[in-house]
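Per TrEMBL, the features are:
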type     : residues                                                                                               : note
REGION   : 21-47                                                                                                  : region 'Disordered'
COMPBIAS : 35-47                                                                                                  : compositional bias 'Low complexity'
BINDING  : ASN327, LYS328, ALA329, LYS330, ASN352, ILE353, CYS414, SER415, ASP416, GLY417, TRP418, ASP419, ARG420 : substrate binding site
ACT_SITE : CYS414                                                                                                 : active site, phosphocysteine intermediate
Amino acid sequence: MDHKNDYNNIDMYRTESKTGTFNSKQESLNNWGKVSPSKSYCSSSSTSTENVVSTLERDKAIASNVNVPNRPDDPQLLSGEKIIGQSRDVTYLCPYYGPARGILTVTNYKLNFCSVDKSPSVDVPLGVVSRIEKVGGASSRGENAYGIEIFCKDMRNLRFAHKQENHSRRDIFEKLQQYAFPLSHKLKLFGFDYNEKFSENGWNVYEPIAELKRMGVNNDMWKITKLNEHYEICDSYPAVWAVPTQATDEDLKASACFRSRGRIPVLSWIHPEFQATITRCSQPLVGVSGKRCREDERYIQLIMDANAQSHKIFIMDARPSANAIANKAKGGGYESEDAYQNAELVFLDIHNIHVMRESLRKLKELCYPNIDESKWLSGIESTYWLKHIKCILAGAVRIADKVENLKTSVLVHCSDGWDRTAQLTALAMLMLDPYYRTLKGFEVLIEKEWLSFGHKFQQRIGHGDDHHSDADRSPVFLQFIDCVWQITQQFPNAFQFNDYFLITILDHLYSCRFGTFLCNSERERMQERLKEQTVSLWSFVNSQLDLYKNPLYWANNHQNILIPIASIRHIKLWKAYYCRWNPSMRTQDPVYHRIRELLSYKEQLENGVMNYQKEQQCRIMRTTVSPA
């Protein structure tokens, strides 16, 4: 079965329309606010990969692995998808092309709007929906004053107007509420219904012991332990750890009692040459009284001693120092340099999940639906989004620098060790290890540092629940992917994957089509039997790898270590993601097709080089065997 045309997120705008053109019907948008076309910031001659997404989205319309619609105007369905509700006289209020009449269909996976007059179509996975609100009432006056507004997690909002008679929106609204937030209505997520088969089982991408052995563990200084096999020591940690060889089970258990949530220091990465390591954990529970734990102090000493190249260890605390001090009042805190001998404590000044959530909210207001050209740069600055990206990137650079250049081990933590800690360790590992810059290696990195080590995807994203204002929601993983994109911009030859791969990951972070990002921890995924009951995102991705390859990738690049410049002068807004729904922000060049051509041409050149080398070897052998 060919999966190359099967995409999840069909473009909500007609890409046949040229960049910057808007339908004259736009002026008829009333009551919900008039909009004015924003000017393009993208050159039509640009060769940026930002237009990969828009071109690919156009190709998504025909999928080879979907169910045949019952009627011509029914949407194409995925395996396990079914139509739940339909309204046949609905107006989509597009902020760019104006009102469009059509049919609104709700399935157990998506919302689909099919226009009857060739106007923009919409196809949105319900997992992307953050909240749904009714607009207007039976007594509302004016055209398009009565309907539904849908707020999405991927930077856009959708508005649909209904006829006012007979409560025409009631059924669709109730079905949307029910299937956009299935967990709040005691239903299961679509990932448990989706049952498509792929050529590769993505659940086999990451095997923890195999990955530790790839890094050289077991060795003289580090061992693999299954002490947490039943998740009794730490329920948010994986079953398999790598810890210092000299550490006893009693040391590990005592340290777990002294660390928040039981998240003790364990190995994330080890340098292949001089054994400097990156370890991760949560904050120590020192409290206002300054408690100490001799076993934890000895354990940190063992981590330091496992690196013979240095008699020092850096403790990188992701938080601002003021936040770390404030955590003492809650029973947390940070390591005292007096208690932890030969340890240097560094605060990285990365703000908490609440600050990041507010920053993204401001960015969304700036990017959608309209962009004010006169205030674009000042508006971006006022969101502080790029400043936060810079701080995260700068923290990861400091970690990589200590490991690579000072040959010193680094211990990383924030408060609980599952948000900022994962950002820092994963980015530092990406800088230090070329394996994680390949397609399969990056999948392993996400599985290891984010999924197995208990980043709370369920709470941070809010899969299937209607608590849109929940304080636990935050774009932590989005920031990590943004930072990865920033590094790819500085080192375009170092990554096997392109930015469409990153956008695909983010789209399915929200979609709930795959089981990969469901639940909060490895333990919960085991309990829910996700590997048996859902499909892995990597099954989908790895069945069509050519879509995600970077034609500029040089596998033999001798620049094994990447140290990006973490300066606001080099950090830029990822417009291909944040502004992709605005047609005026798209470039016109079909870069995606050019990437395919480059990949083909690159393969021809590589084959030519191989043939030439073989021919040369044959000539040398003939010359050696028979004298001149």
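The backbone N, Cα and C atoms fix where each Cβ goes, glycine too.
TrEMBL feature annotations superimposed on the structure.
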| residue | record | contacts (Cβ under 8 Å, 6+ apart) |
| --- | --- | --- |
| ASN327 | substrate binding site | GLN283, ARG319, GLY333, TYR334, SER415 |
| ALA329 | substrate binding site | VAL288 |
| ASN352 | substrate binding site | ARG319, ASN323, SER415 |
| CYS414 | substrate binding site | SER282, GLN283, ASP317, ALA318, ARG319, ILE350, ARG420, THR421 |
| ASP416 | substrate binding site | SER260, ARG261, ARG263, SER282, GLN283 |
| TRP418 | substrate binding site | SER236, ARG263, SER282, PHE453, GLY454, HIS455, LYS456 |
Original post:
When you look at ASN327, LYS328, ALA329, LYS330, ASN352, ILE353, CYS414, SER415, ASP416, GLY417, TRP418, ASP419, ARG420, which the record names as binding substrate, what is the longest CA to CA distance in angstrom?
Top reply: 21
